[in-house]
Amino acid sequence: MFVDQVKVYVKGGDGGNGMVAFRREKYVPKGGPAGGDGGNGGDVVFEVDEGLRTLMDFRYQRHFKAIRGEHGMSKNQHGRNADDMVVKVPPGTVVTDDDTKQVIADLTEHGQRAVIAKGGRGGRGNTRFATPANPAPQLSEHGEPGKERYIVLELKVLADVGLVGFPSVGKSTLLSVVSSAKPKIADYHFTTLVPNLGMVETDDGRSFVMADLPGLIEGAHEGVGLGHQFLRHIERTRVIVHVIDMSAMEGRDPYEDYVTINQELSEYNLRLTERPQIIVANKMDMPEAAENLKAFKEKLQDDHPVFPISAVTREGLRDLLFEVANQLETTPEFPLYDEEELAENRVMYTMEDEEIPFNITRDPDGAFVLSGDSLERLFKMTDFSRDESVKRFARQMRGMGVDEALRERGAKDGDIIRLLEFEFEFID
């Protein structure tokens, strides 16, 4: 089964907890703190594997969680950093954040990697908190939670040339006679439901990859006829071969077909119209095809060349393939996303994001509810079983301006404050 879009959940590994420990050794009085730091959590990394052709594997596993770092130990022993979780994806995979709709990565080359969910930093042990005023601190940090998000994987096939046109105009037949591909061919619409790739070689030794894409109909850019699923695969092609049925046996006018398909391409993505387009008049072996071709050329406003062929009798294929190869030699690749745009999005998803420190809302019962990534991460990294850690958390909240913001919202002594699943009282 060909799967080209799937939604999955990814989570980086949590950092290991720091440790509270002291050096207890003979002849070493007042040995001081000796708690080690926790190890860093593993990242969720996507890597391109050219042996994969579909996102089928993601239908059966949709949750990917990297392992957490090892906890710190006594004698200042640092916890072991966790290994990254490497997930293989096929070339042509675009990774998008499901919430923000921002593109995280466009993976096209074999071995290319991208960090999709970063692991958390390991918590610090009590050795890190020693000061002249407090040489034996009784506090440490929990590990930082790993980044978690839902993402959408979208496969856009890698092909140099894309065959487009209405259903049943002969695209699959054309691919089958110019390459070794074996697409399903039948006399009904939407026989082709998934892209078929074939390697084409011309008589002079030039080669390229051609994709037989499912047929388009009017309204495809709005999703009609599964249009969105079909059009996404055209985006990477460098040359578009527009196949038109000149026999007009289905009652459609060839020129109207030509106009309709080009309108769908421009409505879906304006950059599709920038690609060279080769017009192919197929089924020239059928009656009235020659007359229809003459009328078609008269309606074309420009001197755009038209290649008359018959995929069944193989008439005109040599000239067509030479023209395709010539166009590929002079046509650069069309990146789906600018490098600057991708770089900006990658920066957006690092763990050092500029985030709103906190938000304050009210529950119906009058309690104040605190939220925000920075504050919640700080809360999760605090060890509330130790008094010094609790006092440090209170100082950090005060430094972030939480206390002052609560007073401005009308908080008074004894009011209930909620943060995640915990409650505590406000003390002014």
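Counting starts with 1 at the first residue shown.
Even glycines carry a Cβ here, placed using N, Cα and C.
Per Swiss-Prot, these features apply:
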- 165-172, 190-194, 212-215, 282-285, 310-312: GTP binding site (BINDING)
- S172, T192: Mg(2+) binding site (BINDING)
- 1-158: domain 'Obg' (DOMAIN)
- 159-329: domain 'OBG-type G' (DOMAIN)
- 350-428: domain 'OCT' (DOMAIN)
- 117-143: region 'Disordered' (REGION)
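Within 10 Å of the C-beta atom of S310 (GTP binding site) sit 21 other C-beta atoms, taking all shown protein chains into account. It is 13 Å from the Cα atom of K283 (GTP binding site) to that of S172 (Mg(2+) binding site). Counting other C-beta atoms within 10 Å of each candidate's C-beta, the binding-site residues S168, S172 are led by S172. DSSP assigns S172 (Mg(2+) binding site) to a helix. According to its DSSP assignment, K283 (GTP binding site) is coil.
Each of the binding-site residues K171, K283 was scored by the number of other CB atoms within 10 A of its CB, and the lowest score belongs to K283. The average pLDDT computed over the domain 'OCT' (350-428) stands at 85. Around G165 (GTP binding site), taking its Cβ as the centre, 23 other Cβ atoms fall within 10 Å, counting all chains. According to DSSP, S310 (GTP binding site) sits within a strand segment. According to DSSP, G165 (GTP binding site) sits in a coil region rather than a helix or strand.
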